[in-house]
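Data block below; observations after.
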Amino acid sequence: MERQLEAYCAHLRNERQVSEHTLLAYRRDLEKVIEYCNTQGIAGWGALQIQQLRQLIARQHHQGQSSRSLARLLSAVRGLYRYLNREGLCQHDPASGLSAPKGERRLPKVLDTDRALQLLDGGVDDDFIARRDQAILELFYSSGLRLSELTNLDLEHLDLAAGLVQVLGKGGKARVLPVGRKAREAMQQWLRLRGIGGPRDGAVFISRQGNRLGPRAIQMRVKAAGERELGQHLHPHMLRHSFASHVLESSQDLRAVQEMLGHADISTTQIYTHLDFQHLAAVYDSAHPRAKRSKGTDS
């Protein structure tokens, strides 16, 4: 089983070009299945049956695994069996027809518009670190980039004159995104201080030593900005969520937001409609004369 898992991981890395983060998550999930099979005396992937996989899912659920984690595990198993079937190594899929236990869908945390502007409109010193960090914040919020997409940006991916940036998303899929006026200005100010010829690679966001900033360093800079400007915890994905929520709230164009976020399935994007409804419901409750609740009543 381990040998076939290694072959599948090599297929994901070399042919599907999945990210190392996704590859590691799938490997961990499939190693859990192997561990379970070993304890149950199941000799190989071809011997694993649907009722046994259902038992594993139930056990993981009782141990506190979230519905999202279990859905990912089942996705990893389905992907493996598709590969095994295609290679002629197996002729069934025990995950077919199985679904993860349903759980509460947590809505993503977002900044409201006023808080986003408070974060971005603070004064910026004209120095290397301040200009770089401001450009990072503006680009996250302007274009809805994932952390990995911003980390991997090279100078050749920018066309600030046209207000565009090209990113490489999940599964190696490229997409071109608009860059707003404020973000373009912040990027131009940063590139002026960054210099074009000095650093040894073409990374857009670099350290003083000329090295590409890694994901952890960018997370820490965003966190520091959140604490300094807002007095709250802030992470890159919250800026992506805020971008999506605010664009959807203004445009009501779910398909456009899906394309900008790089979601393969529109159901992933639809979670932002729940956020928009929350906002509308709050406005209604506070503004409609027949909606205002009397003090001390629950209905």
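In case you wondered, yes, glycine gets a Cβ from its N, Cα and C as well.
Copied over from Swiss-Prot, here are the features:
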DOMAIN    1-85  domain 'Core-binding (CB)'
DOMAIN    106-285  domain 'Tyr recombinase'
ACT_SITE  Arg146  active site
ACT_SITE  Lys170  active site
ACT_SITE  His237  active site
ACT_SITE  Arg240  active site
ACT_SITE  His263  active site
ACT_SITE  Tyr272  active site, O-(3'-phospho-DNA)-tyrosine intermediate
Legend entry - Neighbourhood of His263 (active site), C-beta criterion under 8 angstroms, separation at least six: Thr269
Inset, instruction - Using DSSP, break the domain 'Core-binding (CB)' (1-85) down into helix, strand and coil residues and give each count. - result: 71 helix, 0 strand, 14 coil
Inset, instruction - Using all protein chains shown, find which of the active-site residues Arg146, Lys170, His237, Arg240 scores highest when you count other CB atoms within 10 A of its CB. - result: Arg240
Legend entry - Local backbone state of Lys170 (active site), from DSSP in three classes: helix
Inset, instruction - Between Arg146 (active site) and His237 (active site), find the distance joining the two CA atoms and give it rounded to the nearest Å. - result: 7
Inset, instruction - List the Cα distance (Å, whole number) between His237 (active site) and Lys170 (active site). - result: 15
Inset, instruction - Kindly assign His237 (active site) to one of the three DSSP-derived states: helix, strand or coil. - result: helix
Inset, instruction - Give the distance between the Cα atoms of Lys170 (active site) and Arg240 (active site), rounded to the nearest whole Å. - result: 15
